[in-house]
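As given in TrEMBL:
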- Lys127: active site, charge relay system (ACT_SITE)
- Ser202: active site, charge relay system (ACT_SITE)
- Ser226: active site, acyl-ester intermediate (ACT_SITE)
- 64-491: domain 'Amidase' (DOMAIN)
- 1-28: signal peptide (SIGNAL)
Amino acid sequence: MSFAIRRLLRAAMCVFSWFVMPYSQCVSSRIERRKLPPIDNPLLLLSATALAERIRKGEVRSEDVVRAYVHRCQQVNPLLNAIVEDRFDAALEEAREIDRQLAKGALGSVEELARTKPLLGLPVSVKESLAVEGMSNTAGRKLYEKKVALCDAPVVRQIKRAGGIVLLVSNTPELCLCWETYNQCTGLTRNPYNLQRTAGGSSGGEAALISSAGSLMGVTTDIAGSSRLPAMFTGVFGHKPSPYVVSPYGHHPSCDDENWGSFFTPGAMTRYAEDLPLLLEAMRDPEGAPVTLDKPVPLGSLKCYYMENDGPSGLTRPIDPDIVQAIRDVAAHLNAQRVNLKRLRWTLDISVCKMLRMKNVETIYSPQANGKPDTTIKREVFKYLLGMSKSDLPSVMIGPMQHIVNNYIPQSRLDFLDSQTEKLRKDFIDLLGTDGVFIYPGFPNTAHRHYRIFHKLVDTTYMMVFNTVGLPAASCMVGFDRDKLPIGVQV
C-alpha cells in the first residue's frame, strides 16, 4: 500500500467517524453512569496463586471461594451484561465435593496437588465461543435453535484436569469478529471503570468480569488482539501464547486452514500478574509446543527494547500522550533501548491479507449441513442496509472483505507481503534472541465510548502483528490516564 493510499484510507476512516461518533454518543448517553458495588468479601482480593495454596492446605474452603464469586457476579452483571450463561449451582456442588475429598486426604499431599492440580477448587470463567459441555456455544450468533456444546474444548478439559471449576461462559461479539463486545443475543457488555465506555473485544465479557472481581481468571481467545485489547481497556492482564502452546480446537467459529493455529489461539486473562503463568501452565496442551513457564528469569539479565508507535505508517492515529508517557516509564524502569523496526509499517497489509486468505473460516456465509450457505454476500449486505439482517456489521462485511482479498489482489502482491511477514518475523527474532523483551503500544487510546472502534479499525494492527508473525504477547496494566481509565502496554 503506497503512502498516498494509506493516507486516503486514514481519511476514509475520519469521514466514517462523522457517522460513528454521533451514534456512539447517543448509545453511551443512554447508559446510566453508575458505580459498581464495592467489594465486600476479602476472598475476592486474593490472587489465584494465594487462594489455590490456601485451599490445598485446608485454610480456605473451595465452596466459600466459589460462593464469593457467584455473589459478586450477581452484584455486577446487571450493570456489565457480561454473562451469557452461568452454572452457579453445579459449580458450588463441585466445590463442595472438592472440600469433602480434601478433608478425607483422598487427593494426595499438598505438594502433589500443587504439581498435578494447580487450580484445585478455583472458579474459572470461559469465553462463550469455547466449548464447555452443556453450555451455550453460539459465539453471539442469533440462531433458530440455541447451540449447546456437546463436549469440552481441549483447553477446557485441561482447566478441569487442573482442578478448575467452570463458573460461567461470557459474552462475545457475533462470531468473535469485532473489538466491541455486542450481539443480538446477549447485547452490549460495558466497562467496569465507566459503563459508558467499551470493554473491548472480542473477549470483552471476560475482561469486564475479571476487572470487576466477578471472575478470578478466565480463558479467552486471540486472533487479532481479542485477549489483549479488552485487558488494556479494563485494567487486567491478557496473554496471547505462542502458536500451539494451547490447543486451538473446540472453538466456534472454527476453521480447517493449516495456518489457523498459527494465527488463532486461546489466551489467558487474570486480575493479578502472578496468576498468568499459573493459568497458562494449566491451559497448556501436553502435546503442544514446549514452554518453560516455571524457569526463573532475572530481570537484570533481560535485553529490553521499545517503540512508542509503528513508525511512519501513515495509517494509525497518534498514540495518546498518557500512553506514550506510560511506555517511557516502563522503558526507563527496565532500562530499555529504543529501536525502530521499519517493517512494522507493513503491519496492516500483511496481517489483513494473511487473516482473510484463510480457507473455510466459519462465517454467516459458510455452507450448512445441506451443503449450501444460508445467505449470500449480496443478499446479506442488502438486508443489512434495510435493517433486516439477523447479523451484525462485522459478520456481514467479512464476506466482501474475503472476496476482495482473494479475487482482486494480484498474487505477486500477496507473495511480496508473505516475504515481508517472514522478514519482519526474522527482525524480531534477531532483535530479541532468547532473552529479549519488546515493549509496544497496544492501541492509541484508552477505553473509548461504545462502537467507536468502527472508525479505528486500522489501529488494531498494533496487536494483530503478533498473531501474524506468531510471537507471544501480553497486555499489562501499568497505570491510569487523566480520565482515570486503565493504561495497558504490550510486552
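Every residue, even glycine, has its Cβ placed from backbone N, Cα and C.
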How many Å lie between the Cα of Ser226 (active site, acyl-ester intermediate) and the Cα of Ser202 (active site, charge relay system)? 5
Could you list the residues of the same chain, at least six apart in sequence, whose Cβ is under 8 A from the Cβ of Lys127 (active site, charge relay system)? Val169, Ser170, Thr172, Ser202, Ser203, Gly205, Glu206, Gly218, Val219, Thr220, Thr221
Count the other Cβ atoms sitting within 10 Å of the Cβ of Ser202 (active site, charge relay system), across every protein chain shown. 32
Taken over the domain 'Amidase' (64-491), the model's mean pLDDT: 95
Quick one: give me the count of other CB atoms within 10 A of the CB of Ser226 (active site, acyl-ester intermediate). 34
